[in-house]
Amino acid sequence: MAYRLLRALFRGLFRVTIDGITDQFSHQKLIITPNHVSFLDGALLALFLPIKPVFAVYSNITESWYMRWLKPYVDFVALDPTKPMAIKHLVRMVEQGRPVVIFPEGRITVTGSLMKIYDGAAFVAAKSGAAVVPIRLEGPEFTRFGRLGDVLKVRWFPKISIHVLPATTLPMPQAPRARDRRVLAGERLHAIMMAARMAIVPRETLFEALLSAQTRYGRFKPCIEDISFKEDSYQTLLKKILGVSRILQRFTAQGEHVGMLLPNATITAAAIFGATLRGRIPALLNYTSGAKGLKSAITAASLKTIITSRQFLEKGKLTHLPEQVTEANWVYLEDLKDTVTLADKLWILFHLCCPRRAMVPQQADDSALILFTSGSEGNPKGVVHSHASLLANVEQIRTIADFTPRDRFMSSLPLFHAFGLTVGLFTPLMTGSRVFLYPSPLHYRVVPELVYDRNCTVLFGTSTFLGNYARFAHPYDFARLRYVVAGAEKLADSTKQIWQDKFGIRILEGYGVTECAPVVAINVPMAAKVNTVGRILPGMESRVIPVPGIEQGGRLQLRGPNIMRGYLRVEKPGVLEQPSAENTQGEQEAGWYDTGDIVAIDEQGFCTIRGRMKRFAKLAGEMVSLESVEQLVLRISPEGQHAAATKTDSAKGEALVLFTTDSEITREKLVKAARESGVPELAVPRDIRVVKALPLLGSGKPDFVTLSKMAEDPEMSA
């Protein structure tokens, strides 16, 4: 009777729903592993699960007064961390057929993300051979019984959902020592818990996800700021989004690809969301690619209109672009301000109250925006992402990293770059964090000062940018940073060292590609390994295809919810080329994406990037990574700029060419360094050419197309 009354009370107050139940609880041996978000979690499971489980609870909690009061109604077993026999007792209970609930995190979350997973629960599952049923609780964290009251909009009676995920097994890992087996089992359970979180992510559009974040964190929560130093809340950002969307629909059509040539600023964020909510697909143009790059983008994406700002063009010394690029109609934001009518203002006011009614009908799998590859190995390609693929990458990041509304991001990487867009705009907005948008990562003195002034806690950048920030920063500028992540290029040892020595900060290295929205793998404090780029994100499948001549690693192929919809190529304007990759049998498989990167994945799942497939040279039948050549040169000249390329050689097929800004580099020095580090002499270039500066793309990466031409034509290097 008491159970029925309490169940009815909870269902009435919290509108509790439970989904996913079929035969998940019919297994003979069963362990239930829920996430832990509030003090209500145990009561919810006791009341709404269709079975009567035993709860594993720490002994210090079982001795409290309220647990003694609950003892006649709820079965629980006390766990004493100091007594190993408690785990064995739990294993026996599972083997006897008693379903057991274990909270693997061991404590209520204080971040909203998964906390540390204790391997005891995993060991019980592996030792007993029980089925593991993960459960996701959504909603209790908003109550006053959670521990997120300082970061979430707490409500008395929020809606609560209990999601029951399919049962899985956790076999005992193979390892020589018992401790290693426990650790590996714990990592496997952590992967199961992360997969459970990804499985219940709602399918939304970008605009719907922003509205969900506004509901979750509060409409007046500050969220975005730029160099005007006027911080906007979700409400004021929404007002700008609605205003831009209203104006955009006058000169663009639904489904049209709309070019945007804009800096890192709040108005750019408003333009991106404003375009998508009215069914337009923004194409974010690289303003450093020059007229030729813009023309390629216009052709590939079939752009008719480019939205920009006169002030931006003047400050960026880009006023020549509209004159040189006449293939599209240029629209200036400054000209649009005076076109706002009373009807527009009333429309905006109405939809501030009911913003979802401003959306045109869309699905999560519809195209959301277009990014462009760097063009480092050929013509830039348009990469079309759906709402679902972009938001999946945000959720993958949220699953492994504990970003909260207490954080503040410094976003200086350009938004036309996938790295800057996802981690510098979408991630902070969807996690309730505040973000400061700065228009250039090249201002090496200004960025550290702003990190200090705005109390930023999260900084993403390339190795080059982070190294330069460290050189110009005061030792106290980065005192508040707790996440510093490097991506887009290999993290240099010198950059790692200066950050550790000067600031006491460990840089976490990650790896991504535009086609994956872009993050593929990343080191985080909970799972990091030196000289790797971290583990593949949850929700993604990976496979390593062997490559003849390469012993360690192979070509990385990926499949998952964050993979692009397809390419738009200059050669086939407006035609979407869906991703596919060749498997080990030589067959093309749809849905897989071939990164073109040579990767090794160790037994713990950590990835090491060996280099680009296209950046391997075949010298006398041996495969040599051009990136390994560059790393060798960096050991003896860490301050210089170096890039390796190949040229045709009649004797060996190919020969190495080293371009460097250091005139002191000689083959003798390189041979000595190679012997000391165990690098074969075959990887030491004979052709060394000194240049004033390497040809670079707008993203800061070396222009390998130009370098290849320079390698074949010595006069170009002169």
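Residue numbering: from 1, along the chain as shown.
Including glycine, each Cβ sits where the backbone N, Cα and C put it.
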Swiss-Prot annotation (transmembrane segment) - matching range among 118-137, 258-277: 258-277
For the transmembrane segment entry in Swiss-Prot, name the matching range from 409-433, 434-458, 509-533. 409-433
Take the region 'Acyltransferase' (15-138) and count its residues per DSSP category (helix H/G/I, strand E/B, coil), listing them in that order. 39 helix, 29 strand, 56 coil
Which residues, sitting 6 or more apart from His36 (active site) on the same chain, put a CB under 8 Å from its CB? Phe103, Glu105, Gly106, Arg107, Ile108, Thr109, Met115, Leu137
Please indicate, using numbers and ranges, the residues of the same chain that are 6 or more beyond the transmembrane segment (409-433) and have a C-beta under 8 Å from a C-beta there. 112, 151-152, 206, 209-210, 213, 216-217, 221, 223-224, 262-264, 268-269, 272, 284-288, 371-372, 383, 390-391, 393-394, 397-398, 403, 439-441, 443, 447, 450-451, 454, 456-462, 465, 485, 487-488, 512-514, 517-519, 699
Give me the mean pLDDT over the region 'Acyltransferase' (15-138), rounded to a whole number. 82
